[in-house]
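Undergrad: What follows is a structure written as structure tokens; I'll ask about it next.
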Amino acid sequence: MPQDSVPHGAGPEQREESAFLLACRRRPVPHTPVWFMRQAGRSLPEYREARAGIPMLEACARPDLVVEITMQPVRRYAVDAAIFFSDIVVPLKAIGIDLDIKPGVGPVIADPIRDAAAVDRLRPLETDDVPFVSEAVRALMGELGGTPLIGFAGGPFTLASYLIEGGPSKTHDRTKAMMYGEPELFARLLDRLADIAATYLKIQVEAGARAIQLFDSWVGGVGPEDYRTSVLPHSRKIFTALEPYDVPRIHFGVGTGELLGLMGEAGADVVGVDWRVPLDEAVLRVGPGKALQGNLDPAILFAPWDVIATRARDVLARGRTAEGHVFNLGHGVLPTTDPDMLARLTDFVHEESAAR
Ligand code: CP3
């Protein structure tokens, strides 16, 4: 089993030294680790330059670009982890689903999945479907040094919503119509998506990723009872499949205040919290035995620095009530964010937390 194999020359000391991995494992840290969801992307001028004229999905399939874009925020900020540059729909594209990522819109599916025949056509993901992923992760191992790479996949509800709706949705009407009206079909779809996500994550971990994050971004639209019945079993299948690899498993969604305990129960080691629930309250909702990640409102970064600093200090103070805390935003970096603010925030989190 791969759990004891330290990939690509990173010695055991390096593994121990990563503040990010230590916090995920609820061990003492030299400082509170920090990374940012969507740290690679449109807020960086060097990203816009690297991507000029290259469609998003094409960029995701080019290891040279994936390595460059993953490294960009690591060069700029003293972040404690890198996130693999890809997208949650990459494995769906790889199994032959006709989809595109439209700039300013998001993933759009040509033939939405709405009946049993379409669900049954979804085939499993094989390693050979995404050779560029393993290649890019392996190349990143040579670039990152001691900075751990986080692999990721889309959660079953979020992927199902894109597939059923055919694109982004605020209300997820058709998705919920299937969840309520055709629960067996919905379960079959989520089960297949769980297998695809688990394989996609394993590929990244086997190539060297040292933590994984399951982004079920839009699952906050589901109430707790329906989450428990219709989503949790599929997320649990993913986390269980990753268990033998012994990498920290992070679980995040937006608007999931009422689901935090269940998202931990699904098998996450670290529960991601959006900006709506204060971290000390999230600690109570999640219960013992879990680390937390979050949760500064990404929009705070448009306020003056003293406001940002006060709010970041508050997040750190509340985070101290958790058994482990990974500092992050409550959702992704907004495209118009000033990168200098993120650089300053990263240093501030390190200095404030190391001083104690
Ligand atoms: O820096 C990172 O976090 C790594 C890269 C990353 C991307 N997508 C790159 C991307 C990650 C982790 C994702 C995950 C993702 N993709 C999620 C979950 C995270 C979240 O934000 O909740 C979701 C819901 C998607 C689906 C998706 N893909 C959306 C909503 C969009 C934005 C559409 C738009 O243009 O506003 C995308 C496209 C996308 N994925 C971009 C990037 C950098 C923008 C594409 C571009 O630069 O043209």
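Including glycine, each Cβ sits where the backbone N, Cα and C put it.
Those TrEMBL annotations? Automatic predictions, nothing curated.
Quick paste of what TrEMBL says about this protein:
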{"type": "BINDING", "residues": "Arg38, Gln39, Ala40, Gly41, Arg42, Asp87, Tyr162, Ser217, His331", "note": "substrate binding site"}
{"type": "DOMAIN", "residues": "33-42", "note": "domain 'Uroporphyrinogen decarboxylase (URO-D)'"}
{"type": "DOMAIN", "residues": "150-166", "note": "domain 'Uroporphyrinogen decarboxylase (URO-D)'"}
{"type": "SITE", "residues": "Asp87", "note": "site 'Transition state stabilizer'"}
Undergrad: By the count of other Cβ atoms within 10 Å, pick out the sparsest of the binding-site residues Arg42, Tyr162, His331.
TA: Arg42
Undergrad: Per DSSP, what is the residue count of the domain 'Uroporphyrinogen decarboxylase (URO-D)' (33-42) in each of helix, strand and coil?
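TA: Within the domain 'Uroporphyrinogen decarboxylase (URO-D)' (33-42) the tally stands at 0 helix, 1 strand, 9 coil.
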Undergrad: So of Arg38, Ala40, which of the binding-site residues has the fewest other Cβ atoms within 10 Å around its own Cβ?
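TA: Minimum Cβ neighbour count within 10 Å, taken over the binding-site residues Arg38, Ala40, occurs at Arg38.
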Undergrad: With the Cβ under 6 Å from ligand 1 as the test, give me the qualifying entries from the binding-site residues Arg38, Ala40, Tyr162.
TA: Arg38, Ala40
Undergrad: Fill in the CA-CA distance, Ala40 (substrate binding site) to Asp87 (site 'Transition state stabilizer'), as an integer in Å.
TA: 12
Undergrad: How big is the gap, in Å, between the Cα of Arg42 (substrate binding site) and that of Asp87 (site 'Transition state stabilizer'), rounded to a whole number?
TA: 14
Undergrad: In whole Å, how far is Asp87 (site 'Transition state stabilizer') from Tyr162 (substrate binding site) when you measure between their Cα atoms?
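TA: Cα-Cα distance, Tyr162 (substrate binding site) to Asp87 (site 'Transition state stabilizer'): 13 Å.
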Undergrad: Does anything in the same chain, at least 6 positions from Asp87 (site 'Transition state stabilizer'), have a Cβ under 8 Å from its Cβ, and if so what?
TA: Met56, Leu57, Cys60, Ile101, Pro107
Undergrad: According to DSSP, which kind of secondary structure is Tyr162 (substrate binding site) found in, if we only use helix, strand and coil?
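TA: The three-state answer is helix.
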